[in-house]
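Novice: Found this in TrEMBL, in case it helps:
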- ASP11, GLU198: Mg(2+) binding site (BINDING)
- ASP11: active site (ACT_SITE)
- 12-16, ARG24, HIS28, 56-58, TRP60, ARG62, ARG179, 185-187: substrate binding site (BINDING)
- ASN59: active site, proton acceptor (ACT_SITE)
Amino acid sequence: MAPAHVAIIMDGNGRWAKARGLPRVMGHRAGVEALRQVVRDAPGLGIEWLTVYAFSSENWARPQGEVADLMGLLKLFIRRDLAELHRNGVRIRIIGERTALAPDIRALLDDAEVLTAGNRSLNLVIAFNYGAREEITRTLRHLATEVAAGRLAPEAIDEALISRSLDTAGMPDPDLVIRTSGEMRLSNFLTWQCAYSELVFLPVLWPDFSKTHLEDALASFAGRERRYGGRPAAREAAS
Ligand code: FPP
């Protein structure tokens, strides 16, 4: 069965550009092109939720010029693609810490979410200024504030409440996480939500990612046995 929720760590833009003697921004631009194509392909492959890691809380440490390029690309992506995404029934959601973003970017993100709120063909979740530890910290601080104000009993804090309080409230956990470029780590991406996700690491650099790579990852997922800490279904039935 196809995974309902696929999350992608789009890695390797810099190496792609370097291999061609191009500035890094060209790698990121090519990365946006690859993203556009995946968004078009996803619904036909049975994917209902697609989450992409576009800018991490740690990416601020990059040179100022590169940070500005990534901010500019997000703006361009929303401005240029919003009409097509909306026409194709894509619902846009943003996760991450928004207050640190420039007001014009925040307004664009807010508008994109409002405009597409009723769409159903694909949920596109853009993780922007996102870091799992920051998200969990911010969420726990909020819950602690509620407890201190007497609005929440400590005993009421359970896994379901934490899930409902994260940026991903109401979204299913990712079934499959794909990371490109051969690196094999999660880099602070959806740590809580990926507790039982299947992981696929592909050696392709993100700008070269195509439908075939996505299909390969889905085939790998289809061969996995998900146990969530339990026992394999066949052995369970036999004993
Ligand atoms: C990692 O490549 C990629 C990023 C830090 C950003 C991902 C961004 C995009 C694909 C484009 C932006 C998309 C939107 C919607 C704005 P890297 O630079 O770390 O590559 P490297 O590891 O080869 O240096």
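Positions of Cβ are set from backbone N, Cα and C atoms, glycine also.
Note that TrEMBL annotation is computational and uncurated.
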Novice: Look at the binding-site residues TRP16, TRP60 and tell me which residue has the greatest number of other C-beta atoms within 10 angstroms of its C-beta.
Specialist: TRP16
Novice: Near ligand 1, which of the binding-site residues ASP11, GLY12, GLY14, HIS28, TRP60, GLU198 are found, taking a Cβ distance under 6 A to any of its atoms?
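Specialist: Going through ASP11, GLY12, GLY14, HIS28, TRP60, GLU198 in sequence order, those close to ligand 1 turn out to be ASP11, GLY12, GLY14, HIS28.
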Novice: Among GLY12, SER57, ASN59, TRP60, these being the recorded positions, pick the one whose CA is nearest to that of GLU198 (Mg(2+) binding site).
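Specialist: The smallest Cα gap between GLU198 (Mg(2+) binding site) and any of the recorded positions is with GLY12.
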Novice: Hey, how far is GLY12 (substrate binding site) from ASN59 (active site, proton acceptor), Cα to Cα, in Å?
Specialist: 14
Novice: When neighbour density is defined as the number of other C-beta atoms within 10 angstroms of a residue's C-beta, which of the binding-site residues ASP11, GLU198 has the lowest density?
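Specialist: So among ASP11, GLU198, the binding-site residues given, the one with the fewest Cβ atoms within 10 Å is GLU198.
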Novice: Between GLY14 (substrate binding site) and the residue listed as 'active site, proton acceptor', what C-alpha distance do you get in Å?
Specialist: 13
Novice: Taking the Cβ of GLY12 (substrate binding site) as the centre, how many other Cβ atoms fall within a 10 Å radius?
Specialist: 25
Novice: Between the Cα atoms of ASP11 (Mg(2+) binding site) and ARG179 (substrate binding site), find the distance and write it as a whole number of Å.
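Specialist: If we compare the Cα positions of ASP11 (Mg(2+) binding site) and ARG179 (substrate binding site), the gap is 7 Å.
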Novice: Enter the number of other CB atoms within 10 angstroms of the CB of LEU186 (substrate binding site).
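Specialist: Around the Cβ of LEU186 (substrate binding site), 17 other Cβ atoms lie within 10 Å.
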Novice: According to DSSP, folded down to helix, strand and coil, what is ASP11 (Mg(2+) binding site)?
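Specialist: Once the DSSP labels are grouped into three classes, ASP11 (Mg(2+) binding site) ends up as coil.
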